[in-house]
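The block underneath contains the structure these notes are about, expressed in structure tokens.
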Ligand SMILES: Nc1ncnc2c1ncn2[C@@H]1O[C@H](COP(=O)(O)OP(=O)(O)OP(=O)(O)O)[C@@H](O)[C@H]1O
Ligand SMILES: O=C(O)[C@H](O)COP(=O)(O)O
């Protein structure tokens with residue numbers, strides 16, 4: 001990678017500022033998925049082993065006003081991190097001020113501190129999210145001139161705690177997670193071993209227009225599944241019953257189909273039900289059309305077989321978005337079928353783009369079978385779209 005990495009800087013005895021993405025799901029104060037914490041451990045451990053004093057920053061959720069702070073403290077994350085590291089994590093519950101500064105000054109080599117949720121600074125004028133120059137400068141002043149950005153999940157944001165700190169230090173470098181995420185996803189898209197097949201699902205076309213466009217120009221095939229299928233079908237005049245549709249995206253869907261020149265591969269059947277929840281009938285459609293009064297909630301068996309054939313021999317596969325309502329076991333078969341088809345290809349480099357697809361792979365027991373599962377939802381999407389990520393662009397060139 002063209003940017004300096006954590007291996008390129010001297011860390012011993014230094015107060016090292018580190019941006020991680022600990023924006024983890026919490027339910028009643030309990031972390032329900034700690035992947036993002038686990039994924040940051042190699043960088044944190046490396047800094048501590050080198051004798052650095054690690055000062056960690058992360059956001060958690062979105063905070064607009066004081067009331068939004070409830071349940072968004074990083075205190076449970078500090079506890080979970082301490083357990084994973086097997087050492088104390090200093091946590092003052094503040095984002096600035098004398099108490100935080102004293103705790104940082106008291107750190108010894110190999111010790112670690114977690115700053116409170118950076119978005120608590122959003123209450124008073126969106127200082128974090130609007131990259132207030134004073135805030136980035138202040139946070140940068142807490143360290144010794146080195147900033148390690150390992151927050152891939154936040155790399156598509158230009159906030160004070162990533163680009164703001166980068167702008168005010170001697171060296172802003174990538175951590176191992178950020179480096180790996182970029183290497184896997186960017187290389188898959190920009191320099192893929194072919195055949196390169198992209199699979200896009202999830203609920204909405206509107207979220208993925210840029211991704212579809214970019215991947216149509218880079219991949220050999222782009223397979224479409226999930227809720228967005230039905231906007232593409234309706235755009236061709238096919239009956240879709242009560243399925244999810246974005247009426248204002250029908251023209252774009254038509255344009256994409258025309259531009260794709262046969263590269264865009266759509267399901268040929270669906271699993272349909274007579275309601276999204278509380279349905280009394282489920283069946284497979286005969287062809288691509290959905291029956292009146294029904295909605296398509298998964299791809300059907302013929303589509304699973306078709307996608308399996310399309311994936312045969314693939315050497316690079318990028319997958320983003322489930323093939324159906326995978327949270328419900330009645331509509332998981334398409335997502336499972338596609339995962340089976342991906343992971344059985346010999347020598348395939350298989351990458352999951354993050355968000356719901358990552359959750360599906362992990363919850364359905366496929367995590368170990370993929371080459372890479374991204375910790376970024378929006379960030380991985382923007383990378384697949386070919387966009388420049390500010391969190392990466394702001395790092396120091398090699
Ligand atoms: N046919 C369908 N009808 C309605 N909803 C669907 C359908 N297929 C999939 N979904 C829903 O789409 C959601 C996932 O869509 P989303 O666009 O958020 O996916 P993603 O790209 O993996 O997520 P993220 O954007 O968080 O990375 C799931 O909750 C799933 O139930
Ligand atoms: O979960 C994410 O996608 C990242 O942590 C970024 O969070 P945000 O969408 O609230 O900026």
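The backbone N, Cα and C atoms fix where each Cβ goes, and this holds for glycine too.
In the three-state DSSP scheme, residue 23 (substrate binding site) is classed as coil. Within 10 Å of the C-beta of residue 23 (substrate binding site) there are 22 other C-beta atoms, taking all protein chains into account. Annotated substrate binding site per TrEMBL: 21, 22, 23, 36, 59, 60, 61, 62, 119, 157, in sequence order.
Per TrEMBL, the feature (2R)-3-phosphoglycerate binding site maps to 36, 119, 157. Here residue 157 ((2R)-3-phosphoglycerate binding site) comes close to 129, 390, 391: these same-chain residues lie at least six apart in sequence, with C-beta atoms under 8 angstroms from its C-beta.
Cβ contacts within 10 Å of residue 355 (ATP binding site), excluding its own Cβ and spanning all protein chains shown: 20. What TrEMBL records for 208, 296, 327, 354, 355, 356, 357 is ATP binding site.
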Those binding-site residues listed as 36, 61, 119, 296, 354, and which of them has the most Cβ atoms within 10 Å of its own Cβ: 296
Candidates near ligand 1 among the binding-site residues 21, 354, 355, judged by a Cβ under 6 angstroms: 354, 355
Listed binding-site residues among 36, 327, 354, 355, 357 whose Cα sits within 10 Å of residue 21 (substrate binding site): 36
Where the C-beta lies under 6 angstroms from ligand 2, the matching binding-site residues among 21, 23, 36, 355: 21, 23
Minimum Cα separation from residue 354 (ATP binding site), reported as the residue among binding-site residues 23, 36, 59, 61, 119 that achieves it: 36
Rounded Cα-Cα span from residue 119 (substrate binding site) to residue 296 (ATP binding site), Å: 39
